[in-house]
Amino acid sequence: MARGERRRRAVPAEGVRTAERAARGGPGRRDGRGGGPRSTAGGVALAVVVLSLALGMSGRWVLAWYRARRAVTLHSAPPVLPADSSSPAVAPDLFWGTYRPHVYFGMKTRSPKPLLTGLMWAQQGTTPGTPKLRHTCEQGDGVGPYGWEFHDGLSFGRQHIQDGALRLTTEFVKRPGGQHGGDWSWRVTVEPQDSGTSALPLVSLFFYVVTDGKEVLLPEVGAKGQLKFISGHTSELGDFRFTLLPPTSPGDTAPKYGSYNVFWTSNPGLPLLTEMVKSRLNSWFQHRPPGAPPERYLGLPGSLKWEDRGPSGQGQGQFLIQQVTLKIPISIEFVFESGSAQAGGNQALPRLAGSLLTQALESHAEGFRERFEKTFQLKEKGLSSGEQVLGQAALSGLLGGIGYFYGQGLVLPDIGVEGSEQKVDPALFPPVPLFTAVPSRSFFPRGFLWDEGFHQLVVQRWDPSLTREALGHWLGLLNADGWIGREQILGDEARARVPPEFLVQRAVHANPPTLLLPVAHMLEVGDPDDLAFLRKALPRLHAWFSWLHQSQAGPLPLSYRWRGRDPALPTLLNPKTLPSGLDDYPRASHPSVTERHLDLRCWVALGARVLTRLAEHLGEAEVAAELGPLAASLEAAESLDELHWAPELGVFADFGNHTKAVQLKPRPPQGLVRVVGRPQPQLQYVDALGYVSLFPLLLRLLDPTSSRLGPLLDILADSRHLWSPFGLRSLAASSSFYGQRNSEHDPPYWRGAVWLNVNYLALGALHHYGHLEGPHQARAAKLHGELRANVVGNVWRQYQATGFLWEQYSDRDGRGMGCRPFHGWTSLVLLAMAEDY
């Protein structure tokens, strides 16, 4: 036992004693899940428990069954959003959108059974056999850079994609009208990357429409396979028509010669669309433009029948795709017209195409630029035109990465006995929708709980209504206990991109409650629409916080421990803490129930503070009275010092069963395995100086006069520890874990690299303390300016060099690392440029 730990256990601080009653009888004690009414399912299950015990059945088995049932039961609190909130009747402006972030370009409706559209392309004749077909964003497909130049999150976007010798520009604009979400139009332009090239390639563009149910598509095909239009009808869209207009040269109106192939079949399943098209590109055709030599190309067979129609194809949906093959440069427009929009006026609306489409696109682009400057004021703050372009791309990439998902996740229930969860079979969560931004279109095209709070800090500055929509959907995922899964893998398309072993979410695992960061901003701004939303959201926010506070409780009052560290993996240098979001950040070398995690305690303190202030503002006296004492106890300096200040290290730290004497050594045939030397592990503070050490500062939990603030600023500003020319590194360069692999196949992740989300928190904290009177005010302000220059400057240089925002950045040379594009929390660079914290 570490020096001083015996004293702490025997004589807890008065603040800890005072808080124990609130902490252990605190939020949600009345019904175990945040004060909300019990669900009907919960009541029935409880009755079964009582009856089973009366009949002599095993109480432990029944309790496990009861907990398993609650894990996949939706919470009973009133929903924040109505059930039809995504319908065209309630939100027509959001019904259609680029809600398929994993494809290079596509749109769909916000519906459990959506109508989907998309684009594929291939350059003919560059490689033997089937040409490289581009459709879904992939990390290693060689495409790039790519990303949205403009995207307003609602009705307009312009994206540029570089693919070898090709440069594609995809644009869309929506036009409101009618009762079904209005009209929209695309323009896809393909030009040579090198304007001076003489050998212009032959390119095939594939425009497709997919239905996901019994909806009907009726194509009208003209001579030589040219699709004139597609008419259709669905219950949500009414009557509609798609039209693929004849191709032209960019900026011209004269039609350009193209070769056409059309294919119509049953929907094979959304994850299989790419492979189906690849497999059908097996017939040779001749492209014969007038006055030019013919060229061969691989095309789709001209099937116009609905294949597999019958018992096996009923209700499967349809897949209709038009291939257009021609020489670049080209521009093609694809138009969707809603029947109700056309019928809504006294005269038919002109088609949103040609010069009318050009005018609409330019008008929206100019409106975006003006709104962007008015919102973020980068030009006024003196940032260069290039940095302003970076800011626009950061915002647009985040908004263009918003997706709509629907499906059932797999949940492994918490049966209440730690370590036994693997003995329980996973169960399906109820079908739920999710409207969310994603971290990365190529690598993480789905919802992540702790990422989303950072995403919405950016989104809400631009469009608060989008943030309300996203938060409402996330809170709709709450189960009966108040748990939200940290990774949402909903629907076939999302599931197809995740290895099977990672599909299951464990109901005992938490995640940092970052959704409270945009909630705190809403409360600070005080917009009436936000406050009305928060009034509806409070019961679910309360339930979610109560679950976190209770389920992750640590060994001592006011201490907390991330569940989910696996001690039984001999190949890991340090067992991961995935629920914390910091994955391989070094914790106690030997996981145990004695651990106390500093970052988690700080997150709980932030949650208690935000929800107390929210309850007070809304006049919810009962919630405020319940959470207020807990918030005060968690923010008390004595309590934080008692549990997490490590005098021998001079910083705040985790506590647990730990030794530094661990290393990976080769042990054939196992490969690298962990070897523990001397000294043997003992209960002590964990000497891993890094992001975790800063959390009391990052979340602004310290008083500006605190004696602990100075030492934290010291390590933050020390280049031997966390300071680098490119931002704060995640783990001190002086740490024995710095830059170390966690296993043979697991390179360092949170062990030195610079991450934008934590650097943004650090900038906000330094800005905060730099504006509060205290002994460290001037130093905090100076460090803020220097850190901001380092972070913004490096992201800008890497964007110039690569065209991408990256997941993380090297603390050694600043280069982008990890996956790209990463317009998730790296988009926080925009708020750093705007000095908006």
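In case you wondered, yes, glycine gets a Cβ from its N, Cα and C as well.
What Swiss-Prot records for 1-10 is compositional bias 'Basic residues'.
The topological domain 'Cytoplasmic' annotation in Swiss-Prot covers 1-38, and the record cites sequence analysis as its basis.
Summarising the annotation, Swiss-Prot assigns motif 'Endoplasmic reticulum targeting' to 3-9.
Residues or ranges marked as compositional bias 'Basic and acidic residues' by Swiss-Prot: 17-33.
Swiss-Prot lists 39-59 with the feature transmembrane segment, giving sequence analysis as the kind of evidence.
Marked as region 'Required for endoplasmic reticulum targeting' by Swiss-Prot: 76-137. On the 0 to 100 pLDDT scale, the region 'Required for endoplasmic reticulum targeting' (76-137) averages 95 in the predicted structure.
For Asp583 (active site, proton donor), the count of additional Cβ atoms within 10 Å of its Cβ stands at 14 [all protein chains shown]. What Swiss-Prot lists as active site, proton donor is Asp583.
In three-state terms derived from DSSP, Asn657 (N-linked glycosylation site) belongs to an extended strand segment. Within its own chain, Asn657 (N-linked glycosylation site) has Ala588, Ser589, His590, Pro591, Ser592, Thr594, Glu595, Pro681, Gln682, Leu683 as residues 6 or more apart in sequence whose C-beta sits under 8 angstroms from its own. Annotation comment: Swiss-Prot describes Asn657 as N-linked glycosylation site.
Here Swiss-Prot flags Glu807 as active site, proton acceptor, drawing on similarity to another entry. DSSP gives Glu807 (active site, proton acceptor) a coil state; it is part of no helix or strand. Neighbours of Glu807 (active site, proton acceptor), defined as other CB atoms within 10 A of its CB across all chains, total 23.
If you take the Cα of Glu807 (active site, proton acceptor) and the Cα of Asp583 (active site, proton donor), they are about 14 angstrom apart, rounded to a whole number. Taken residue by residue, the region 'Required for endoplasmic reticulum targeting' (76-137) breaks down under DSSP into 4 helix, 20 strand, 38 coil.
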